[in-house]
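For reference, the structure is listed below as structure tokens.
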Amino acid sequence: MDFKRLSWVLFPVAVVSLVCYPASVTAGDIVHDDDLAPKKPGCENDFVLVKVQTWIDGIENEEFVGVGARFGTTIVSKEKNANQIHLTLSHPRDCCSMPKHKYAGDVIMVDRGNCKFTTKANIAEAAGASALLIINNQKDIHIPAVMMPQDAGASLEKMLLNTSSVSVQLYSPRRPVVDVAEVFLWLMAVGTILCASYWSAWSARETAIEQEKLLKDAVDEIPDAKAVGVSGVVDINTASAVLFVLVASCFLVMLYKLMSNWFLELLVILFCIGGVEGLQTCLVALLSRWFRRAGESFIKVPFFGAVSHLTLAVTPFCIAFAVVWAIYRKVSFAWIGQDILGIALIITVLQIVHIPNLKVGTVLLSCAFMYDIFWVFVSKKLFHESVMIVVARGDKSGEDGIPMLLKIPRMFDPWGGYSIIGFGDILLPGLIIAFSLRFKLSDLSSHHIPISALYSQAFTS
């Protein structure tokens, strides 16, 4: 198959893969969205544990733990940024009516009950308080209480109406520090990089040997010796490495703004196309070792050009595999098909896209580093949320996120979810490792050449 056409097919998938790569090995927890519940700006804070340190007459005393409210300003996360503020009791204690005097920036302690929490907070703010501590002073409750979202309540109600006996078990498990899934995911990522890098290096070595033989046998018959054996490779230059940041940023913002069910379906289609091409390329390269004759005999197909008989035999299987995964991608074991298509796609991209020297590799990784830092952390100040994390998780699409991820279910995590890693976290280091192996296996490493010459060649070749 024409490598030029293959590179154009894989280009949009590779761009999406590099654009949306979250921090490696993150977890997708079980979350019940409650879109029907009333919401308003300023009531969207995360539930966080809050440390309440006390001082008596300037001497450090007891420390308590509470839970931050969904409303109000966010609480500082570092102790060095937190100030010591005077604590006082509210009058009245429930803070459901305006106090008799102002608090002048004090933290006031109030009792729960008699009015809404937001009412207490509004009254305390109007009285000049800087923060509010709501105390659960009702001691008559001796059973656990769990608040659940509306969709979970509807499911439980349906169970009670349709069955005669329903039982529940309440417990609060702890998440393991390191799950087996993360270890397997790491091994999968490293194995993919090594496989793709050694394949790329070995192919480059075979091409160089074949080119050297052709040059020795018939120098006059080759008008352009540099073009021999490199038509299937796309080299990244410095300008394209810098341009990557701008293109990727624009594409990421487009994904963030347009993320929805239909747009996710489009990404699934692109992923399937890239996965078919990648799986086909890997299978043909692997099977051609045993079916050399079928791999070397070609037939002309309209639009596709000259295609080997082996490619024609493998392609229907690849298409069927991708279609079956797309149809059943929401079932529990669909991650297996997604990982197979993803690994094949990554290996194929690393086989086609090459870094020609360390200078380009340094520029590319530096730009990717700045891109990652900006869209994961700095974007929170501009968009009030991490744009890359939102896109990678598919928060606005109502599904589990974009398919350009390798994922494994958390096997021993009682909360379930997946350990995931983005394609970009594999492709970017894979490009550097593949270059290093190609350089190591090149003819330069087998000759007695000074280290300074090798270093210069690596940066300028």
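Every residue, even glycine, has its Cβ placed from backbone N, Cα and C.
These figures come from a predicted structure and were not determined experimentally.
As annotated by TrEMBL, signal peptide applies to 1-27. Marked as domain 'PA' by TrEMBL: 101-156. Summarising the annotation, TrEMBL assigns transmembrane segment to 183-201, 236-256, 262-291, 303-327, 333-353, 360-378, 415-437.
Below 8 A, the CB atoms of the transmembrane segment (183-201) and the transmembrane segment (333-353) form 3+ pairs separated by six or more positions in the chain. Regional average pLDDT for the domain 'PA' (101-156) in the model is 77. The stretches the transmembrane segment (415-437) and the transmembrane segment (333-353) meet in space: the count of Cβ pairs below 8 angstroms, excluding pairs fewer than 6 apart in sequence, reaches at least three.
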